Amino acid sequence: MLSTPVTSQLRLKEFQDVYEPAEDTFALLDALEKDAKKLRQMAEMKNLLTAEIGCGSGCASSFLKSGILKNKPIVHFMSDISNSACRASKITALNNRELYKDDNGLFITVQTSFLDGIRLGNGVDILIFNPPYVPTEFEEIPSEAATIASAWAGGTDGMDVTSTLLNQLKDILSQDGVFYMVAVARNKLHSICEILQKDGFIVNETLKRKAGRETLSILRIYRIGNTIWDE
């Protein structure tokens, strides 16, 4: 079992608006570790381009890049609308490269919405996303990037932010790529499946876990015909 990345810098006041690793984060880490063998198999086949959207603390990014895919020649992008989150993620990446003894590959942090402005085309091989999934009134979705609410307020059915990415996924993920996303039961998982199936994707619920009043699901999503992930 891999160690959880260290994110001790989040105790500093300058990072008070950065979402700290919580049950949803740990569920995502467990899902990634569950698939570690296949993820490493992907890295043996080619130099991967990987990314996390809404990187927050950078915990999941460091776990994937420096933990599971340690010493692989990977370029990993971390994006967030929050400047504080981008800075926190960069520190997490640097600190945990030493922890995991990861001496290869590259972390790139970009302050942006989704992957806007980063010309990756259909080039992302592994994509991870722990979206703001809590159902809220639309007015509760913050317009300011530096608010902690931007990490959890998901609007109607908790799907406002997620739906935007799902509609872009076919233009982001590589042919043999895989996408891991956190969701909760209130997000209407059947609707997520319907949206993605129309675009030629297969959706697997790879992990399910209770967290307080929520039921967390980690979805593994890939294109039809992806021979690595077809089960």
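Backbone N, Cα and C atoms are what each Cβ position is placed from, and that goes for glycine too.
Feature list (source: Swiss-Prot):
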BINDING   G54, C55, G56, S57, G58, D80, N130  S-adenosyl-L-methionine binding site
BINDING   N130, P131, P132, Y133  substrate binding site
Candidates G54, C55, G56, S57, D80 (binding-site residues) - the one closest to P132 (substrate binding site) by CA: G54
Diameter of the S-adenosyl-L-methionine binding set by C-alpha atoms, the set being G54, C55, G56, S57, G58, D80, N130, in angstrom: 11
Neighbouring C-beta atoms (10 Å sphere around the C-beta of P131 (substrate binding site)): 24
Rounded Cα separation (Å) that holds between S57 (S-adenosyl-L-methionine binding site) and P131 (substrate binding site): 13
Site of maximum Cβ density within 10 Å, from binding-site residues G54, G56, G58: G58
Cα-to-Cα gap, C55 (S-adenosyl-L-methionine binding site) vs P131 (substrate binding site), nearest whole Å: 10
Rounded Cα separation (Å) that holds between G58 (S-adenosyl-L-methionine binding site) and P131 (substrate binding site): 14
Candidate binding-site residues G54, G56, D80, pick with smallest Cα gap to P131 (substrate binding site): G54
Neighbour count (Cβ, 10 Å) for S57 (S-adenosyl-L-methionine binding site): 25
Neighbour tally for N130 (S-adenosyl-L-methionine binding site), based on other Cβ positions within 10 Å of its Cβ: 27
